[in-house]
Each structure stands twice: as structure tokens, then as C-alpha cells.
Amino acid sequence: SGSCQLKTCWQVTPEFRVVGNLLKERFYGATLIKPHNRNTGQLDHSHIPHRRRTSINSLVYFEKSPDFCEREPQLDSTGTQGRICNKTSPGMDNCESLCCGRGHNILRQTPSERCNCKF
């Protein structure tokens, strides 16, 4: 009949939020790996009460991240103490996040400006 049928398949990247949520979930479930002296890269299960094998989709890490809330000069981290936060911001500059749950002081300022007012 002369007609031809063509099928095309392709993969589509999921929405960015879906990828971010999956990475966040895996981040919080990541496994600390302590290499043996033999440097085989195998898991050291001595600190884990129940042994579990990591899956191919699991995230693993070799050392804990520094605490960026506290000052650590050897890492050139000044910490967050003394920084200005935004009480109403939903972002990373909000007071709860930036002050690491330590509380914060509220500074109220009334700006004064010179004007050519006559009384």
C-alpha cells in the first residue's frame, strides 16, 4: 500500500522538583562508609547495630560535612554568628535557618532623613 509506520522512543527528564525531592530523600538516608585498613572501600558495619547492604541507588559518604553554623578557621568558615537574618524570608537567610536554632536578637531601627520641612 506504500504506507510506512515509524515509531520513535525517547526519555524525558522528570520535573526539577521531583528530582530535587528524590535527592533530598536519598541525602537524608545516606550511609557513612568507613574504609578498612586494607583500603577495599567496603562498608565497616561495626558501628551499625544491624547490617544493611547499600543499594545501587543509595548515596554514600566517607566523611561528615563540617558544621557551617560554627566558626572553623581551618576550613575558612566564619560561621553564622553576627550575620543579619530576615525574619520574614522563606529562604536561607531566614533567622531560624541562618541562626541554626540558637535564637536571634531583634534590632528595630527608625531611619531619620533630612528634609526641607518648615513648621
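Glycine residues also receive a Cβ, built from the backbone N, Cα and C atoms like all the rest.
The annotation disulfide bond is assigned in Swiss-Prot to Cys85-Cys100. As annotated by Swiss-Prot, N-linked glycosylation site applies to Asn86, with the evidence given as sequence analysis. The O-palmitoleoyl serine annotation in Swiss-Prot covers Ser1.
Sequence features annotated in Swiss-Prot and their locations in the structure.
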{"residue": "Cys85", "record": "disulfide bond", "contacts (Cβ under 8 Å, 6+ apart)": "Asp93, Asn94, Cys95, Leu98, Cys99, His104"}
{"residue": "Asn86", "record": "N-linked glycosylation site", "contacts (Cβ under 8 Å, 6+ apart)": "Asp93, Asn94, Cys95"}
{"residue": "Cys100", "record": "disulfide bond", "contacts (Cβ under 8 Å, 6+ apart)": "Cys69, Thr80"}
